[in-house]
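Taken from Swiss-Prot, the feature region 'Spike head' covers 65-224. As annotated by Swiss-Prot, region 'Spike body and stalk (antigen domain)' applies to 248-479, with the evidence given as sequence analysis. Sequence annotations record features per position, and here Swiss-Prot assigns disulfide bond to 318-380 based on sequence analysis. What Swiss-Prot records for 389-409 is region 'Hydrophobic'. As annotated by Swiss-Prot, coiled coil applies to 491-518. Sequence annotations record features per position, and here Swiss-Prot assigns region 'Spike foot' to 510-776 based on sequence analysis.
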């Protein structure tokens, strides 16, 4: 029947990568390399071990000390130690919360007997009795008062031979050091007004993070590092620590010059380049032990990434140049493993990555100067590829690595289906790295570079980060685009052609005779007979069929059937039948497209009509996998398609793939399907209508949705070419026998042709309605 064309396409369509649609990018240069193992063949070549050489250490060393800073009053950051380094006796530091704590730390030199000294603390002169019995260590004394007009009292001391003192705000407390070096420890005071604590040092000081408290304690007890005690270290003002760094815009557009019509714009951009290699592996004919070619192909990749908060859509095309041709011949017998040619990229090769994104920089990239780029290096390593031999152990090509180094950037153009993209071509030179690549169970070993068998090594893509800058001559009016951006590509021309073809196709529906449609629907239309009416089809039959199958592979029908085949057997065995209507959603999805299961929350509130609509939407797939003798909607669709192709003057072999794909998805949107159980028929349409009736009397009966779900799971599904409404109308006006009713229910094409030959208006009108639904 005519639906054979769809089944044939489903059975023979194959996946085609984007790279098949891209012609050769740049020039190609091949270099033949002959490997002569010589006397070292059995010892895996000469005993030479190549390594990567010096490897740089990228460890980041973070400084501990921040300073020194000059004395100045400031708000000590919470969670940071202030390490004071006074040079002589006197007041070292003051700190207060202006409500319950006034702390002043004084320093007393060694060997001081008890005496009274005058100190200026918080702006007032105070006489303090001091002493230091130690002859070697300096003494820090904490003088504290708890009221603004109170008297100072000694709260703690620190004997130090390093002459260093520490203070920190943290956890609503004030921390200091007490005791005697080298065993000084921290002490804390509760501060009432923690947020307003202000510290004023009277000596040079350093800032140390609390996370480095152990280092601070080490300095207090044992002194600063020698580098801090040289005359080359000069204290700076504390305000320098508060200078806010100016945020430089990494991605910016700068007007270099401007006239009335044109302006020069400098575009600076950070970019992330993602690319991947593609390959072609061709097996020779024969017994299955020979491979003809393993080669690199250009590969497209589209992705998104964030740049300064902007979502950027980028497109790359990766190609190689200067490949090296290798070969392997395991013997002259038909069962000896051999590869006629396999490509390898190494030191004498180049990798080209064409990059484009949707930013302003690429909008008018026609006249460009001062183009520069700086990219990181990236290491590419090959993966495993097993040569599946009919018998014996499989050889495996594995390993290989190269590093890509930036070698320059030029302008280029990428061609896609819809538009030509002015882009940047980044050129990379290669350096061979470890490991080498080998072919196991052969003498091919210790070769350097990446072979084309599996150049991505299982990765989705390689990534390079970098930056480019260019100056572009663009129109002064930002809304205007240079002419090259409006150029018509092959795909754009085809789109305009398809629009004209759709209009012509839809007008041809009225010219199709119903009798001719039935005749065509009953024919087993294959690929050649379906397209035989197109000029030059005979001469280009192979390429035309390939293009049709390639396009049809991406259709909704092909992808749905593909998933159905994988899930049908597992899903049918896991059907959970329930007395509740809610179970129907899972019952239907057991054999339908599993990825589109209705959520439980939706099923709880769904009506019978909506559930029937969901089920009937999948019945086309069920019918395709279980062919019946009756005529189905795809037979009608295929027949209409054939009739319109024969009459059309717009269709050609370039437009045909799009026509076939669109017809499979859009022809006859309103379909009804039925299942028969004895004398009972159940019918459901994609519009949510459902009927249950007796075949002999055509009397309606209650629609048992649970039984319907069981039947569509286990029984053949039939296209309701003559739906229940038409059938009942036919019986009421003309009367039909039980046998005629069964034949019409089963969509018997001979019976349908008989009614049409009798010029039955009801049947004829129904078929004409189906023809009118075959629109693009």
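Cβ atoms here come from the backbone N, Cα and C positions, even for glycine.
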Per DSSP, to which secondary structure element type does residue 318 (disulfide bond) belong, with helix, strand and coil as the options?
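Strand, per DSSP.
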Are there any residues at least 6 positions away along the chain from residue 380 (disulfide bond) with a Cβ closer than 8 Å to its Cβ? List them or say none.
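Set apart from residue 380 (disulfide bond) by at least 6 residues yet with Cβ under 8 Å, we have 277, 401, 402, 403, 404, 450, 455, 457, 462.
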Long-range same-chain neighbours of residue 318 (disulfide bond), Cβ under 8 Å, sequence gap at least 6?
275, 276, 277, 278, 298, 299, 301, 351, 352, 353, 354
DSSP on residue 380 (disulfide bond), three-state: which is it?
strand
